[in-house]
Amino acid sequence: MAEIYYDNDADLSIIQGKKVAVIGYGSQGHAHAQNLRDSGVEVVIGLKDGSKSTPKAEEAGFRVLSAAEAAQWADVVVILAPDQVQRTLYADDIRANLEAGNALVFGHGFNIRFGYIEAPEGVDVIMVAPKGPGHTVRREYEAGRGVPVIVAVEKDATGAAWPLVLSYAKGIGGLRAGGIKTTFTEETETDLFGEQAVLCGGVSQLVQYGFETLTEAGYQPQVAYFEVLHELKLIVDLMWEGGIAKQRWSVSDTAEYGDYVSGPRVIGPHVKENMKAVLSDIQDGTFAKRFIADQDAGAPEFLALRVKGEQHPIEATGRELRKLFAWNASNDDDYVDGEVAR
């Protein structure tokens with residue numbers, strides 16, 4: 001059974017007694033910084049010169065420094081930049097400004113798990129990873145609630161890393177909902193697997209194949225879109241509320257029976273074997289090496305795959321349909337970069 005921590009398990013005064021630098025002011029960065037500040041913690045923001053986030057952070061009342069200056073000032077350095085830029089940011093601006101007794105905080109274990117970042121002697125390495133986007137982390141905190149968090153300690157150089165990680169998690173509101181104890185390895189490998197095999201890669205491919213199957217059989221693209229993509233939210237919401245059992249309880253008997261007899265025909269044992277291969281590539285570092293090598297080369301594979309995905313017929317159909325509904329009219333205008341949700 002997982003070990004779960006709550007507010008009563010943490011001493012907020014620990015993080016209140018630290019100077020915290022949040023490196024990055026995107027979705028997670030703004031939530032961590034604002035929640036910590038509202039919990040009585042002294043926080044500065046570290047950003048590169050010319051960052052588009054600087055005006056936002058300053059408008060929110062934060063002092064903005066360079067990443068190097070912020071790291072030098074702080075006792076606790078929170079790295080919330082995208083995975084692919086963390087190691088360069090760390091090497092160029094952060095590492096030389098760390099000293100014994102400091103702590104590095106991560107929101108995801110990628111760079112530690114795969115060895116792209118290595119902390120110097122005497123520096124704690126901890127993780128607090130909210131299981132929700134930053135705007136939800138902030139909204140729930142303001143409402144007196146919290147988003148569950150994953151907490152881990154990779155390196156306890158000071159002997160006080162666990163009290164610190166729990167105090168930090170309490171400071172952002174995570175222990176109101178609960179903090180699940182894990183390791184950097186478990187968080188990284190399961191997170192990447194979930195994204196690739198189910199939540200992003202698996203679902204995206206399933207939806208595209210479903211759309212193609214219907215349209216190639218002569219059905220209208222608009223009808224196909226509703227059946228395989230639009231209604232997915234209704235099903236996922238039910239699963240989120242009460243698991244697969246509630247989803248099956250809520251749908252018609254026809255849909256439930258079709259679930260049992262046709263689901264295994266589509267997602268058969270061969271899919272599970274493919275999932276195992278995906279997990280193996282994550283565990284042995286194959287995926288990480290491929291991703292970082294592509295990013296270092298300017299992301300040619302990544303960008304080509306993005307363009308290919310955007311050109312799938314389901315995207316044009318979706319844009320056409322979403323314009324018809326007032327409650328959905330602006331949903332195609334509220335994102336720009338792939339990192340917006342992180």
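Glycine is no exception: its Cβ is also placed from the backbone N, Cα and C atoms.
What you see is a predicted model, and the numbers here were worked out from it, not measured in a lab.
Sequence-distant contacts of HIS108 (active site), defined by Cβ-Cβ distance under 8 angstroms and a gap of at least six in the same chain, are ASP83, MET127, ALA129, GLU187, THR188, ASP191. Taken residue by residue with DSSP, HIS108 (active site) is part of neither helix nor strand, so it is coil. If you look up Swiss-Prot, you'll see HIS108 marked as active site, on the strength of sequence analysis.
Within the same chain, residues at least 6 positions away in sequence whose Cβ sits under 8 Å from that of TYR25 (NADP(+) binding site) are ALA33, ILE45, LEU47, SER51, SER53, THR54, LYS56, ALA57, PHE62. Swiss-Prot lists TYR25, GLY26, SER27, GLN28, LYS48, SER51, SER53, ASP83, GLN84, VAL85, GLN86, GLY134 with the feature NADP(+) binding site.
Residue environment of ASP191 (Mg(2+) 2 binding site) contains 19 other Cβ atoms, counted within 10 Å of its Cβ in all protein chains. Annotated Mg(2+) 2 binding site per Swiss-Prot: ASP191, GLU227, GLU231, in sequence order, evidence recorded as sequence analysis.
Sequence-distant contacts of GLU195 (Mg(2+) 1 binding site), defined as residues of its own chain at least six apart whose C-beta falls under 8 angstroms from its C-beta, comprise GLY201. What Swiss-Prot lists as Mg(2+) 1 binding site is ASP191, GLU195, and the listing cites sequence analysis.
Annotated substrate binding site per Swiss-Prot: SER252, in sequence order, evidence recorded as sequence analysis. Taken residue by residue with DSSP, SER252 (substrate binding site) is part of neither helix nor strand, so it is coil. Long-range Cβ contacts of SER252 (substrate binding site) within its own chain (separation 6+, distance under 8 Å) are none.
The domain 'KARI N-terminal Rossmann' feature in Swiss-Prot is assigned to 2-182.
According to Swiss-Prot, the feature domain 'KARI C-terminal knotted' maps to 183-328.
In the structure shown, the C-beta of GLN86 has more C-beta neighbours within 10 angstroms than that of any other entry among the binding-site residues SER53, GLN86.
Geometry remark: GLN86 (NADP(+) binding site) versus GLU231 (Mg(2+) 2 binding site), CA distance 37 Å. Along the domain 'KARI N-terminal Rossmann' (2-182), the predicted structure has mean pLDDT 97. Secondary structure at LYS48 (NADP(+) binding site), taken from DSSP and collapsed to helix, strand or coil, is coil. Figure note: comparing Cβ neighbours within 10 Å for the binding-site residues GLU227, GLU231, the maximum is reached by GLU227.
It is 27 Å from the Cα atom of GLU231 (Mg(2+) 2 binding site) to that of SER27 (NADP(+) binding site).
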